[in-house]
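Colleague: I have a structure I would like to understand better, so I am pasting it below and will then ask my questions one at a time.
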């Protein structure tokens, strides 16, 4: 019997200067009003809150703010003031001067600077100490992103940070349980350790190492490939059947060849923008779903034990390549997968569990209706001969997919599922997940920037404005295309 397949463990649910010293005249003494204006901010990240670094000169993602202070006409005043910025490692990225609007004998200096919150507070204390009058009028919050995200679980803000997620493996692929078919096979265990080392050494941007599969591994792959290929025409969804021949043509999907992840990743990138990367074993649901947010799918490279080719207690490369990859090449399915991932970023453990369960009963064990017939699109079904037959038989309990109730269904690992969930289409499932995602408690929304391959936190008008600008550009392109089409049709 084929167990439930997913690349996260269901057992772990609970769980932006220069120096101005020589560029300004020595003619002033710092005296008057100091005003702080909120600018933008970006944050580094660690375990919680995606908090910023304490060294602005080495942290391009530290907070940005603007300071306006007035100087009395005395020699050396400005230089003394600016040296305080240098001493406290506050990076000045822009400086301007103007006549004071309050006193004609003074000059106001505007400094756009970049620093961490600690350095900024220390700078203000020095300015107060060296001047007679300093009035500090900051907005209600500076570095609001840092403060608002302080209690939010850490999540990757750029695609390269998936290295951290990928290496936080809960169960390594080389750690086999006593009832695993390969537990007593030392040669197989050493082979699994090799695949773990490959995955743990991999970093974002590198080509995925090519594996020279053994004759035994290729033979095992061949058995699985042959048996499942017989069922696909009558059991798999149309999107799967459309992409499978393309994988044969471009990625070497054959009975006598185990495809390479690098070839598969390049193919997916051209088809749907997805990519794959090797992983050493089970990830937590949070880390696995974070990969989907960046259109990155974590894949194992090892092959199941040859003693039982039609069974594996954990996801192997047969499951990944035959179950997941053909659907990840479909743009609509790829979008559906990414939206589940995006909804998980910064969510509570409880909400991540609900999202992971919805993932389980859709992307792993989902059914859809096509031409009046039930068809499978879940990877756990499409890589399991026995459960694929069972799920489409009269013996299976099939329910309509509704995230609110589906998220409460128990996920079974070593037996067939007690219920399967059907959607009319990927689009319907996606819309239902979008509505469900609105119930997730987060003090912000997120937006994936495909140009920088980063996640932008949308929590104020400034951050939302950037997304609106992109939407305007896209709408202008659509309107231009419609106008040209109307001209061509004479409308």
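Going from the start of the chain as shown, residues are counted 1 onward.
Keep in mind that glycine also has a Cβ here, set from the backbone N, Cα and C atoms.
I grabbed these lines from Swiss-Prot:
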- 319, 324, 364: Fe cation binding site (BINDING)
- 66-141: domain 'ACT' (DOMAIN)
- 19: phosphoserine (MOD_RES)
- 33-63: region 'Disordered' (REGION)
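Have a look at these and tell me how they're positioned relative to everything else.
Modeller: Summarising the environment of residue 319 (Fe cation binding site), the number of other Cβ atoms within 10 Å of its Cβ, over all protein chains shown, is 25.
The average pLDDT the prediction assigns to the domain 'ACT' (66-141) is 71.
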Colleague: Enter the number of other CB atoms within 10 angstroms of the CB of residue 324 (Fe cation binding site).
Modeller: 29
